[in-house]
Amino acid sequence: MPELPEVETTRRGIDTVITGRTLRRLVVREARMRWPIPPALPDLLAGRTVLECGRRGKYLLLRFDHGVQIVHLGMSGSLRRVPEQEAPRKHDHVDWVFDHAVLRLHDPRRFGAVLWHPDEAGPIAAHPLLARLGIEPFDPRFDGRWLHAYFRGRRVAIKQALLAGDAVVGVGNIYASESLFRAGIDPRTAAQRVSAARCDRLAAAIRATLSDALDSGGSTLRDYVGASGEPGAYFAIHAAVYERAGLPCRVCGTPIRRLVQGQRATYFCPSCQKR
């Protein structure tokens, strides 16, 4: 699934292309996404100008003068710029057609979303998909104290607490494993047992891991590509534990272990990461 670095990489790639530009038409080839695309949406957006291209967690937010379009890439989606004459491929479900560019949503599993939040429905932050999201990892308020306060009384494993997204957004499966390795914390540790000092290390590790991923254009394991069609390089360059089960730890040489938590694969070094 595209995580925060992949979505932010996509946002940066399309921001300068579409912000301040008028959408000529929205082409919907397949409306049956995670939630059906509203049939009236193409008419609502035709001839309207994109005022801002934002992001909240893993959601892209395209601001128009009468509302916000919410775009989620799902499990395997990508949003890229294509030549207007390029014929759509299988799983190319939605096009945003501008005078100078076309953005195309490719989503083989159709777990993504293209939704509309009109201004009269209230602030976009109150939308049900966004209202319960945690703090952004690059928000100045996010630090070890924030995590320590959130983890108080939570018996769930620290890895699963991070994946929940209500403490801090955007730390998905890959980057949770990588951040916990950097912080030296065993992913099975109960969240409430992580000390204030270790929460400080974890907050710093999350920021550093996501910064590395952003600098590398995100991670590509299977389907993800950036707005220009380029794969992310984080996994090939930086991954210390993810999908390295049985291989030696890059720090101590101990074989990396794999386990399943909440139906998600977790990778860790049993020597470097302590409970």
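Counting starts with 1 at the first residue shown.
Glycine residues also receive a Cβ, built from the backbone N, Cα and C atoms like all the rest.
The shown structure was predicted, so the numbers you read here are calculated from the model rather than taken from an experiment.
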Inquiry  = Of the residue ranges 65-99, 240-274, which one carries the zinc finger annotation in Swiss-Prot?
reply    = 240-274
Task = Please report how many Å separate the Cα atom of Glu3 (active site, proton donor) from that of Lys58 (active site, proton donor), as a whole number.
result = 6
Query = Rounded to the nearest angstrom, how far is the Cα of Pro2 (active site, schiff-base intermediate with DNA) from the Cα of His91 (DNA binding site)?
reply = 17
Request  = May I ask which of the recorded positions Lys58, Arg109, Arg154, Arg264 is closest to Pro2 (active site, schiff-base intermediate with DNA) if we compare their C-alpha atoms?
outcome  = Lys58
For Arg109 (DNA binding site): DSSP state (helix, strand, coil) = coil
